[in-house]
Structure formats: structure tokens, C-alpha cells
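TrEMBL has this to say about the protein:
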{"type": "TRANSMEM", "residues": "57-78", "note": "transmembrane segment"}
{"type": "TRANSMEM", "residues": "90-108", "note": "transmembrane segment"}
{"type": "TRANSMEM", "residues": "137-159", "note": "transmembrane segment"}
{"type": "TRANSMEM", "residues": "196-214", "note": "transmembrane segment"}
{"type": "TRANSMEM", "residues": "256-276", "note": "transmembrane segment"}
{"type": "TRANSMEM", "residues": "288-312", "note": "transmembrane segment"}
{"type": "TRANSMEM", "residues": "397-422", "note": "transmembrane segment"}
{"type": "TRANSMEM", "residues": "428-449", "note": "transmembrane segment"}
{"type": "TRANSMEM", "residues": "456-475", "note": "transmembrane segment"}
{"type": "TRANSMEM", "residues": "495-517", "note": "transmembrane segment"}
{"type": "REGION", "residues": "544-585", "note": "region 'Disordered'"}
{"type": "COILED", "residues": "600-630", "note": "coiled coil"}
{"type": "TRANSMEM", "residues": "630-649", "note": "transmembrane segment"}
{"type": "TRANSMEM", "residues": "661-686", "note": "transmembrane segment"}
């Protein structure tokens, strides 16, 4: 591999990874404190996993965009642009965009059929039992492991190239700040940091876009980039591209990658509990527009980023400032995702290297926070609560969630180091991923869309699919290249074969197994009966008790326990232990007493009107049924547009872009990214303007010595407090027994 001298000092790598990571952690801790003080967002077990199930459209879209913008999103798309030209960015973006749009239908079904769920695996368990549940836990965790491994291997490789920072140190230090702020803020922390990360990513991509196509000294115009790309095709024409050109959508290698990308990303979206967590966290009205908007605006990020930096890397490889000049980047360097930082450095020097470093750091940390939440909720609700301690209270679930975050984060660091020493790069993992996990996609989708799928089908089909996919992958490798190595298994045809078999083979197995072993006739209402929320009463009471003690340390505040103890003080630790022991024995009379003593629960109790809530529930179900139909129509339209109507005519004709067409193509992508900025930067601010106002007003009252006004406002307007809204939502679905009349 041709050596590349890092353009930045090693200290810059540690400054960003450790310093910026610590800054985000401190900022998130401070934000969590402010939300708790001014909005009454108390981090209970439910809040940690679902953010009160009330997140609005803009923040859902921003979180989807940020979570789906991995290191692989930027690095792999840019590498594909360097390898095959203008088709690479489109095939990456469209091949990963449609899954988010299609997932909106699944998100709506989850809100309809299992409104109290925390993970999709709870739905599997409620319908099929423990054996199927255990099988799908494996696939969910395998998805998280592969995604996190790609984040760390890709991120550490880029940081090493830009700064010379040790790869192993980068693998272990990258998760630290993410773990800290996730522990303090839960999924709400991921929403807020995702928002901040998305701003940085969009701004940096726009800077590179204008530098490359408008005002840079190295390129600076559409015409110059176009000329250099045509010259590059003459020097080293692309095998399988129309005319060997880089400026064409007809690319054999690009088309194969398109299918691999399309297949593999079904698994990473439909099996990653992080996307289900966002669906469960959304308000009913936000689930559909949040995912549709998120998928559409996300498209511009990888497509423009790769069309800028990937094509710039191609155009500049004959420039004396190119790090490997006069040589091209090697296949290993391309697989490691190095075209992006290389182009950034050549375009803007050290400033470009810093921007690329920030870009990758933001992509790695934002996606990793979602993976931590995903694993922690699976461990807490599907392993600990399901099999170890079914009566676990909120405090113990919070503890297990925290433990899972820490253990998984550092375990993945060790795994990424092992991959580094084995010379397994991000590009290899990206294409391998679909072979391993995609066989579980169809059974999972049919769990909510087909009431006749039985337990044998949902349990056995993914196992058969994965086995058959691995066999097909290796047999194709051996038959075509006569040996099985990392290099030969990474070739296009074996990867394509394994990915397609993995996704589609269960579609053959499921109907056979279902009708051989007798179809189910599942009653959807069972999911609403069996999947329950965690009672947050004790956690809210303890949080309020702690706050009251801080405000009035001289006053003797008695602990208001469920069994109405005497006025003796009970320690915080003792109260938690006793709550966990007695949580399932709480009587209705005791619970009612607590609610009338505590002002928050009393406010919830006053606003609990059975008739009004039944009406609200009916309206919510009506809204979700309508959203389900709209999601289906939109999914069909956008899938046809992105996969067939847009690319196929240009692929079939072998059209080679003219300079005018190339200019228009890039301009459209730049406009699209501005639309992305409006949707995920300005729109969330507009939707959250009231909460922002009340927070800053509370800060002003505290600073100016008028804290009493904050307490008075909270007492007079409990309906505006997050904890009250969250508890009202819980009451709305508490004991809900209505079956959804979908006939499938």
C-alpha cells in the first residue's frame, strides 16, 4: 500500500476524539439537567428507551438522517464514486434510501398493533414465544455488532490517515464520549446530539461542494471537473462502464453494488432496533411524516458528498499535491474509505483535513449512540426483563441499560481491533452484512403484515436463509476464482449471490413451512395485552423527593412509599430495593394514595377522563389506519422512482453525461441538500419553539433570582410539563384491549 503522510499532527486526532467527545458529553449532561428542571423530563426506564413516545416529526427526521449517516455512508459512497464514477453516489444513496421510506409502513404497524412496545423483539415474543424470540435476538444483536464494527473500523482508518493517531487508540476512545452522554440522556440524548451532528455534516458537505464546483483554486468550476473526469477515463477506463467513462449510469460494477447495497440495507434498517426505538418514541402523528421526510432528505447527503469528494479525488489524482502522486489509491485504500479524506486534503489543505476529520467523527458518534440505545433496550427488555427478572422495576432496568451501553461499547472496540489486525476493512463488512442478517427481514415484516405466518416459519426460515446464503457465497467464490480468500470472497459476483439468496430465500421457505405446519390465525389484540409499559410511579416520586430535598434541606420530607410507611426516613438505596420487591404487589388503594400526594401524579389523575381518552384513542387509531394506507402508496411511488424510473432509462441507453447535463445533475443535488437543511435543522426548531422558549425563560428566571416564578408556572400549567404528558399517554394505552380490525 502506498504510504500517505498524515496532513495533521497526531494531537489533532486525540483533540477531536477525546476533546470533542468530552465536550458533547458535558453538553448533553447539561442539556439533560435543563430538560429535567425546566420541562420536567425525568429519565425513567420508559423515558430512557422511548422519550415519552411524543417526539415530533422534525426531530424524528433529523434523528433518522443522522442515524443513517454512518461513517460507511460517507466513506463507501465516496469510494464507489472513485471506483465507478457518477453512478456510484446514486446507486449508494437510492439503494439505501428506499428502506427508510419502506420502514415507515412498519413503523405505523408497530404504533397500531403494539403501542406499548420498547423493541420489535417484544412483538416477536408476544406472537411466537421464546424460541423464535431467541433466534431473532441473535439477528438483532448481529446487526448492531456489524454496524458498530463498520463505524469503528471506518472511522479509525480515516482518523489514522488524517492525523497518524493509532488505530487501536481510536477504536477504544471513539465510543467513550458517546457512552457518557447516552448514559445520562437515553434516547432523547441521541435525538438531540443527532440534531447537532447533522448540522455540522450538512455545513461541511456544502463547503466542499462550493469549493469543488464554484470557488476552489484546485478545481472551482463544473467545466474543469467535467474535463478532468473525461481525461481520467482515457488514462484508466472503467471496465464494465459505457465507453469506459466515469460520467455514465451504465456500470456493471455499480449495478452489482446497487443490488448488494439494496439487499444488505434492508437488514440494517428492518433488524436494527434503533429504528424501531425511534418509531416507538414518535408521537402517532409524527411516525409517517418523520420517516418519509427523513428518508427523502437523507438521499442528498451521500449522493452529493460522493459526487463532490469522490469525483474530486478522481479529478485531482494527477495533481502534484495528491498524496500518492503519481500513483492512484490502491484497492485496499479505497476499501478503507480513504478517497474522502484524500480529496478533502487536496482541495483545502489542512483546513480540508480538519473538516474531513470532523465530518467522520460526527458520522461515527451519531450512529454509534443509536446502536448503544438499540443494544441497551434489547438487553433490558428482551433478555433481563423477559428471562432474568420479569418483575424488574424502572431503577433496575435503567441500571441494566447503562451496563449494556458500557459493556457493548468497549467490547466492540476490542472486536474492531481484531478486524484491524485481520485486515478486514469497512468495505468488506458492508457487503458481507447482508449475507449474514438479511434472511431475517421477510419473517420480521410478515410478523406485522400476515397473521397466518406460524412459529416454525419465523424461527426456521432465517436460519435456513443464512446457511444457504453463506454456502452460495463461498461456492460461487470457489467456482469462479478457485480459492477462498478475503480478496476473492470480496469480488462482485460472490457478494451479489450471497446477498440476494439471503434476502429472498425466506420468501420461499415461509409459505412452505407455514402451510406444512398449520397457519396461525393470530389475534392482534394479544400484543396490546402482553406487551406493557414499565410503571414509572416510583421513579417519578423518587426524582421529586430528591428535588424537594435539594430545595428545602431543613424540612423533614417523608418518603411517600406504596405501603405508607411510618414517618421514619428511608434511605434512597433501601427505597429502590424495597420498590423492586413490592412493585408487583402494589394495591390500587396505595397507588391512588400516592397519586393524590404527589403533585405530578395528582395532575395526571385530574386530567384522566375515561370518555375523553376513549375518544382520543379512537382518533389515534383512525389516524394510524389512514397513515398506514398513505405510507403504502408513498412507498410504492418512491421505490419505483428511485429504483426504476430514474436510473434504468439512463442505464439502458448507456448515456454519457454532457457538460450541461452534469452541471444540472450536481445543481439539483445541491438544492436538494438545502432542502435537507431546512427540513432537519430549521423545521425541528420551529416545531419545538414553545419548549425552547419555556426553557430559556426558566434559565432567565434562575439567573435573575426569580426561581419562584418557575415553580409557580409549573404548578399552574402542569399540562405543559413533559412528565405529565408522558403519563397521560401511558394512561391512554393502559389496559387497552381493542383489537385492530385489519383483515390480512
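The backbone N, Cα and C atoms fix where each Cβ goes, and this holds for glycine too.
Note that the structure is a prediction, hence the values are computed from the model and not measured.
Cβ atoms under 8 Å from those of the transmembrane segment (57-78) belong to residues 88-89, 92-93, 96, 100, 147, 150-151, 154-155, 158, 190-191, 194-195, 197-198, 201, 269, 274-275, 278, 281-282, 285-287, 289-291, 293-295, 297-298, 301-303, 305-306, 309-310, 313, 336-337, 339-340, 343, 359-360, 363-364, 366-367, 370, 426-427, 430, 676, 679-681, 683-688 of the same chain, restricted to positions at least 6 beyond its ends.
No contact links the transmembrane segment (495-517) to the transmembrane segment (630-649), because fewer than 3 Cβ pairs that are 6 or more residues apart lie under 8 A. Sequence-distant contacts of the transmembrane segment (256-276) (same chain, at least 6 residues past either end, Cβ-Cβ under 8 Å): 64, 67-68, 80, 84, 88, 91-92, 94-96, 98-100, 103, 106-107, 110, 117, 119-121, 139-140, 143-144, 146-147, 370-371, 373-375, 377-378, 430-431, 433-438, 440-441, 444-445, 492-493, 495-496, 499-500, 502-503, 643, 647.
When Cβ distances are compared across the two stretches, the transmembrane segment (661-686) makes no contact with the transmembrane segment (137-159), since fewer than 3 pairs at least 6 residues apart fall below 8 angstroms. Panel annotation: around the transmembrane segment (397-422), residues 43-45, 48-49, 144-145, 148-149, 152-153, 156, 167-168, 171-172, 174-176, 178-179, 182-183, 186, 368, 371-373, 375-381, 384-385, 429, 534, 539 of the same chain, lying at least six beyond its termini, place a Cβ under 8 Å from a Cβ of the stretch. Sequence-distant contacts of the transmembrane segment (196-214) (same chain, six or more residues past either end, CB-CB distance under 8 Å): 24, 62, 65-66, 69, 220-222, 225, 301, 304-305, 308-309, 311-312, 344, 347-348, 352, 355, 358-359, 362-363, 365-366, 666, 670, 673-674, 676-677, 680-681. The average pLDDT computed over the coiled coil (600-630) stands at 69.
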